[in-house]
Amino acid sequence: MPTVDDILEQVGHFHFFQKQTFFLLALISAAFTPIYVGIVFLGFTPDHRCRSPGVAELSQRCGWSPGEELNYTVPGLGAADGAFARQCMRYEVDWNQSSPGCVDPLASLAPNRSHLPLGPCQHGWVYDTPGSSIVTEFNLVCARSWMLDLFQSAVNIGFFIGSVGIGYLADRFGRKLCLLVTILINAAAGVLMAVSPNYTWMLIFRLIQGLVSKAGWLIGYILITEFVGLNYRRTVGILYQVAFTVGLLVLAGVAYALPRWRWLQLTVTLPYFCFLLYYWCIPESPRWLISQNKNAKAMRIMEHIAKKNGKSLPVSLQSLRAAEDVGEKLNPSFLDLVRTPQIRKHTCILMYNWFTSSVLYQGLIMHLGLAGGDIYLDFFYSALVEFPAAFLIIATIDRVGRRYPWAVSNMVAGAACLASVFVPDDLQGLRITVACLGRMGITMAYEMVCLVNAELYPTFIRNLGVLVCSSLCDVGGIVTPFLVYRLTAIWLQLPLVVFAVVGLVAGGLVLMLPETKGRTLPETIEEAENLQRPRKNREKVIYVHVRKADGPLT
């Protein structure tokens, strides 16, 4: 009996139905962007200072300019290490009772300001921004700044749990059902987050979004690759990630137009309600139906695909079977990922690369909000370079191979991070160029690890290997907010130094992996172990063995 791939040979690998389905699912990929990196705008931390009762009235009475008000009433101005004092401390002065003058009002209290006692902010903060973010609304600064780290870590914890749990449910109950359920929950949680009355509820709804959003993105990825023919799977997989990049560009524009975080959150959530219409637009995966022995339903869907593509099914292709032959089933085990030396090495290197790809990708985006430039333009420019990154991958993986482009992309990302440390702030053009190179490098590395991970494991542990290794991506996402925001409190460029080290190490480790270009996917542990061996040498061994076997006959 024919397989799905056999029927797609007749009805079209990537014709009208597949293009329509790809467009619809690509919208989900683009809509996932605000959840993954929306922290840049939702959690933007503007310059701030303690709110001191009486200062505003005194400033108005004396006719101070904004600069004079800061100079007279805020500690730490001009000091190299005065950021903490300027943003988190205040003079312990009762501005309403001390009757200060308008010229150097603190001079009557102490001849030297350094002798005046300082205390923590007690009446909130004043933020230098026309809009709002979760930071400004819930005062997530100074002693409460860790709560911003937790906000982003919560969504990554959700990614970690949801990808495993909902991934299992999608294999058990079907792609379409799980996709629609994740869309509905995501839409509801996003709206509830936009109207959250306090930080705790906002955190809970963000965690719920994390539980379902990445899983929904992955289900969309699986669906489109299962609807197209074999020769198009790699291309549509990369283009599905390009749709995520389009979402980055749209997010920058929407965030610029809507500087208030609640309206921004509501706006980027509303498209998910439209995605519920996919119930009538996208069928279940025929490959999944066959795996569940629902061949009749799978055949009806293939007939629907043929009709959409303007084709007709030959009489000889009126039944379906699974692509895999029925035989002895091997039960995968976590120990299989570390039992043999080569697979153990592959597992360790892949886990590290998933972790570093997540840390560098999310970390570079988060660092944009702290670098002091135009956050909207910097975000937009850095997103643009993801397009050439995707097309470079398509152009090189089947010509040059996987290993060298992957290693170089990691090293470029690491070197760009290190170079950024030494670029002066006044060279804005050079700073943006270096940042874009780093972003392009880590984008290529991210997409390459997705591709190569599946090519290094034998069939019976391939899904398990991808699942376990890619889980380190979410662990990296959990760690990254604390890494970025805590290290910048020590030195603004310190996260870039850390990114440079882990990126360069990742590039070196990739060179220890085998090249998988032109190789069939390994079916057994033995074949996976022999991937490191050059094919030419392997042919020589077979040749010698045959000569020895023929020897006694001559």
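Placement of Cβ uses the backbone N, Cα and C atoms for every residue, glycine included.
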Same side of the membrane, W201 and I397, by Swiss-Prot annotation: no
Position flagged as N-linked glycosylation site [Swiss-Prot], chosen from N71, N96: N71
Annotated motif 'Proline-rich sequence' segment (source Swiss-Prot; candidates 283-287, 293-297, 533-537): 283-287
Residue pair N71 (N-linked glycosylation site), N198 (N-linked glycosylation site) - Cα distance, angstrom, rounded: 34
Long-range Cβ neighbours of the transmembrane segment (464-484) (under 8 Å; 6 or more residues past either end): 39, 146, 148-153, 155-157, 159-160, 163-164, 167, 214, 332, 334, 336-337, 347, 350-352, 354-359, 362-363, 366-367, 370, 450, 453-454, 456-457, 495, 498
Cβ neighbour count within 10 Å of N198 (N-linked glycosylation site): 9
Cβ-Cβ under 8 Å with the transmembrane segment (375-395): same-chain residues at least 6 beyond its ends: 40-41, 44, 235, 238-239, 241-242, 245, 248-249, 251-253, 255-256, 364-365, 368-369, 405, 409, 432, 435-437, 439-441, 443-444, 447-448, 451
Mapped DSSP class for N71 (N-linked glycosylation site), helix or strand or coil: helix
Other C-beta atoms that fall within 10 angstroms of the C-beta of N71 (N-linked glycosylation site): 13
